[in-house]
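Record features, source Swiss-Prot:
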- Gly152, Val153, Ser154, Arg155, Ser156, Gly157, Lys158, Thr159: ADP binding site (BINDING)
Amino acid sequence: MKRTAFFISDGTGITAETLGQSLLAQFENISFTKLTRPYIDTAEKARGMVQQINAAAERDGARPIIFDTVVNQEIRDILAKSNGFMIDIFSTFLAPLEHELISHSSYSVGKSHSISHNAHYMERIEAVNFALDNDDGARTHYYDKADLILVGVSRSGKTPTCLYMAMQYGIRAANYPLTEEDMERLQLPTALKPYREKLFGLTIDSERLAAIRHERKPNSRYSSFSQCEFEVRETEKLLRREKIPFINSTHFSVEEISAKILVEKGVERRLK
């Protein structure tokens, strides 16, 4: 079964997309075509959206699912006339919350992501810059400022995990790729030894690693199964020897990997 899902907002669309994606992920037997439509902030744009929604309904033979965080009532009324199934995220959750808190919400465009109202904005930017500056072992002299240092073989998911933790939680995460020399010595690189308490390992199934590396450097020693198998085996051996916690990233999303790391290491999120 295939359905179309729209994430519509008169702002960035981040809230609609994030919550909508989380809900759709619970329906693994359905394939969704996901379309994000930010800044639908005029009646003309809304009418254009209705045409897109109706076209998708006709194409799929089923109503598209619409997750919206549109504040403007006129625009919402126009969207409601489409052949889609609308889930108004703000009204769904704000009404019962207003009742519980005995207070009216400041229901305005971009409220959850505006720079002027977000005291953590600079924290997030600094964390992202830290992740980029300390990616792939490029710099090690700032490790004293890191909240976490991810270690593992090349292409095991260290960089996207560091960037996700920076964006989502404001965590300053560096990453360091273990080399064959490190594996053969079966001991931590000198640059990492002072920061043992900050280390967390990422490993991955050899088959998956070979497939990922093949996309980057096909038919090379780097992407061969035997090389990947060797690196994964020796890396896990090193991590166990040094008593560094690690997880296999193969079957987890970056969100799940990040959450597991923070729980295991007891690192507090800077953005709450």
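For all residues, glycine too, the Cβ spot is worked out from N, Cα and C.
Source: prediction; values computed, not measured.
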Residue among binding-site residues Ser156, Thr159 with least C-beta crowding, 10 angstrom cut-off: Thr159
Number of other Cβ atoms within 10 Å of the Cβ of Gly157 (ADP binding site) across all protein chains: 25
CB contacts for Arg155 (ADP binding site) [other CB atoms within 10 A, all chains]: 22
Cβ neighbours of Gly152 (ADP binding site) where a neighbour is any other Cβ within 10 Å: 27
Other same-chain residues whose Cβ falls within 8 Å of the Cβ centroid of Gly152, Val153, Ser154, Arg155, Ser156, Gly157, Lys158, Thr159, the recorded ADP site, in sequence order: Asn175, Pro177, Leu202, Ile204, Ser249
Chain-internal residues near Lys158 (ADP binding site), provided their CB is under 8 angstroms and they sit 6+ positions away: Asp136, Leu150, Val151, Gly152, Asn175, Pro177, Leu202
Proximal but sequence-remote residues of the same chain as Ser154 (ADP binding site) (Cβ under 8 Å, at least 6 apart): Pro177, Arg213, Tyr222, Glu231
